[in-house]
Amino acid sequence: MAKQDFYKILGVEKSASLTEIKKAYRNLVNIYHPDKNTKKSAEEQKQAEAKFKEIQEAYEILSDETKRKQYDKFGHAAFDQQFGGGSSGFSGFDFGDIFSSFTSGFGFGGSQEQKYSRPLKGENFQAKIYISFIESILGKEISQKLTKYDQCDNCKGSGANSSSDITTCYNCQGRGMQTEVLNIPGFGRVQNKTTCSVCLGSGKNITKNCKKCRGKTIVETKEEVTIKIPAGIQDGMFIRVAGFGGPGHKGGPSGDLHLEINVRQHKHFTRSGNDIHVNMPVSIIDVINQNTVEVPSPTGLKKVRLYDYYKSGQIVNVLRAGAPDPKNPRIIGDLKVHLIFYIPEFSPRQKDDLNQVFAQINDKTKAK
């Protein structure tokens, strides 16, 4: 008897995403699982069991990227014991998929049973946060409501309504893994271990879900958090907010939230390392008279003494007026003041007076 199309068994299109396949599988399991049909007649139970096995087989293939590609290319023949005895059939085949299948099933990197049975930390999340240039130099505290995932306190992370609603998975006998034989063109029969298609690696079946988390084992809450941005932080750096990532597995801790700092550009200031640069227009009169001028900085005005030998474009250092090092606040950069000379406006009479003065000056720069 010819096997039915796996996509039709699950009631999904051939282009269905993995999320759609998982959703369809869970809906069908909820209908045809043996534990859901105990009150029906013997014949109906037998039909439900046969249907359930079809659903398992279809899900086992379509939920695995490698097997799904093989099925889409070769159909049921990819898993037939008589297929692949020869050395042909490599055209268009992805060897990367083959070897990823090997490494996932042959224990490279550790036991798969251990992987699914031990507590694992949740996935780390990443987000961006935008601050001004001045805030990056001075530091800032931000209060924000963040999503947090905690273990359900009603079921203690089991997902079941009570302990009596948890049974050992009949398909994998509690191991979380199942063994299968693949017939890969050019390789012959290959034994492989995959995640159990019934319990999805947990080793247990739940007959009644927890009323609070509905079997998800975790609950989602909102928590007000104060995020401290250290003084001197630079664009592209990260701040870690512990415990605000994805939910842990098997009672493991939640992952972390990594905030990428994005510093907006400033109209006047730029930064290089811990040094801050600023262009400062100064009157040539202040330079000639060697006056002291006030220069803006992120922490306020700084006084700079001008000297008559300065030239336009000269860089004047104001020590420790730059940015603090976020890892060591005792290290502080300098303020680099780029002098830009300008000539003030003069009245015609003032120009005449200046010309008389200039006529008496021996301009040595003309010889250069």
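Glycine is treated like the rest: Cβ placed from N, Cα and C.
Feature annotations, courtesy of Swiss-Prot:
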BINDING   Cys152, Cys155, Cys210, Cys213  Zn(2+) 1 binding site
BINDING   Cys169, Cys172, Cys196, Cys199  Zn(2+) 2 binding site
DOMAIN    5-75  domain 'J'
REPEAT    152-159  repeat 'CXXCXGXG motif'
REPEAT    169-176  repeat 'CXXCXGXG motif'
REPEAT    196-203  repeat 'CXXCXGXG motif'
REPEAT    210-217  repeat 'CXXCXGXG motif'
ZN_FING   139-222  zinc finger
- Message: Measuring Cα to Cα, how far is Cys155 (Zn(2+) 1 binding site) from Cys199 (Zn(2+) 2 binding site) in Å?
- Response: 18
- Tally of DSSP helical, extended and coil residues in the domain 'J' (5-75): 55 helix, 0 strand, 16 coil
- Hey, of the binding-site residues listed (Cys152, Cys155, Cys169), which one tops the CB count within 10 A? Cys155
- Other parts of the chain folded back onto the repeat 'CXXCXGXG motif' (152-159), taken as Cβ under 8 Å at six or more residues beyond its ends: 166, 206, 209-213, 215-219, 250-251
- Return the residues near Cys172 (Zn(2+) 2 binding site), defined as same-chain residues 6+ apart in sequence whose C-beta is under 8 angstroms from its C-beta, sorted by sequence, else 'none'. Gln178, Cys196, Val198, Cys199, Gly203
- Round to the nearest Å and give the CA-to-CA distance linking Cys169 (Zn(2+) 2 binding site) with Cys152 (Zn(2+) 1 binding site). 22
- Query: In the repeat 'CXXCXGXG motif' (196-203), how many residues does DSSP put in helix, strand and coil?
  - Reply: 0 helix, 0 strand, 8 coil
- Message: Neighbours of the Zn(2+) 2 site Cys169, Cys172, Cys196, Cys199: Cβ within 8 Å of the Cβ centroid, same chain, sequence order.
- Response: Tyr170, Asn171, Gln173, Gly174, Arg175, Gly176, Met177, Gln178, Ser197, Val198, Leu200, Gly201, Ser202, Gly203, Lys204, Asn205
- Report the residues of the chain - excluding Cys152, Cys155, Cys210, Cys213 - with C-beta within 8 Å of the mean position of the site's C-beta atoms, for the recorded Zn(2+) 1 site, in sequence order. Asp153, Asn154, Lys156, Gly157, Ser158, Gly159, Ala160, Asn209, Lys211, Lys212, Arg214, Gly215, Lys216, Thr217, Ile218, Val219
- Which residues does Cys213 (Zn(2+) 1 binding site) neighbour through Cβ under 8 Å, counting only same-chain ones at least six apart? Cys152, Asn154, Cys155, Gly159, Val219
- Message: Is it possible to list how many residues within the repeat 'CXXCXGXG motif' (210-217) are helical, extended or coil according to DSSP?
- Response: 0 helix, 0 strand, 8 coil
- Sequence-ordered list of residues in the chain of Cys210 (Zn(2+) 1 binding site) that lie 6 or more positions away and have a Cβ within less than 8 Å of its Cβ, or none, is Cys152, Asn154, Cys155, Ser158, Gly159, Ala160, Asn161, Thr217
- Hey, what's the Cβ neighbour count for Cys199 (Zn(2+) 2 binding site) at 10 Å? 23
